[in-house]
Amino acid sequence: MQPIKRWDYAGEGLDEHELPPGPWNLIDQWVADARARQDERGDVPEPEAISVATVGGDGQPHVRTVLMRYLAQDGPGFYTNFGSRKGLDLAANPRIAAALTWPPMYRAIRFTGMAQRLPEQVTTDYFRSRPYGSRIGAWASHQSQPTATRAQLEEAVASYEAKWPDTGSAQGVPLPDFWGGYVVHCDEVEFWAGRSSRLHDRLVYVRTGDGDLADGTSWRIERRQP
Ligand SMILES: Cc1cc2nc3c(=O)[nH]c(=O)nc-3n(C[C@H](O)[C@H](O)[C@H](O)COP(=O)(O)O)c2cc1C
């Protein structure tokens, strides 16, 4: 193994007295901060890249990175193929965990809860906002299934391009019925702020009621050891 390189996490930390009663405003602020940091310094590419963990019917965890293309007071969300590994896992067991990690900012947010499918209209609006190639790609890829060659995938792309040529219209490619979004209905939201000597701040919102992320009466805040 290469010699270990260690960084001290000289982050600003996080004080419970700064926290809003529900996690929403801080999620919104930290995501905005990560986007701004990328715009200004370019060291947080894909600030919305989020690791998503699911559990298979056999108890085996699976983790992968997706893009957080949905964020609202009901939770963070993403779009994918319902027949993918993650889609099959979630159909059998909706428990989910997700983490946004921004190492240059010494910050992370962890979400734990249950996945729910986003309403079809929300998915349709998002699908139509995607570039033509991505809309065709959603049809062409039987995500997570084996394929013998890359050429097979490219043939599938060509056949869908022939079926729905690029007319420049957002409606030109229909939404596949096997593709859509999930939102994480959170039971816990943890804000992690890296500090010196690994003595980080971890402040966790734990659900106590049925409200959304902005409802200050539905959460209590707990500090956890780093
Ligand atoms: C930066 C990044 C962004 C990605 N975004 C998505 C996405 O938004 N949706 C998606 O289904 N897969 C996305 N992927 C691919 C997934 O990591 C993964 O390969 C795919 O979803 C299949 O995962 P599964 O077999 O566990 O279901 C992304 C990968 C990376 C590295």
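Backbone N, Cα and C define each Cβ position, glycine as well.
The FMN site in TrEMBL is built from ARG64, THR65, VAL66, LEU67, MET68, ARG69, TYR79, THR80, ARG85, LYS86, GLN143, SER144, TRP192 plus one of ARG130, ARG202, ARG207, namely ARG202. Put simply, TRP192 is the one of the binding-site residues VAL66, MET68, TYR79, TRP192 whose Cα lies nearest to the Cα of ARG198 (substrate binding site). Only ARG64, VAL66, ARG85, of the binding-site residues ARG64, VAL66, ARG85, TRP192, LEU199, place a Cβ under 6 Å from an atom of ligand 1. The Cβ of TYR126 (substrate binding site) has ARG69, TYR70, TYR79, GLY181 as same-chain neighbours under 8 Å, each 6 or more residues away in sequence.
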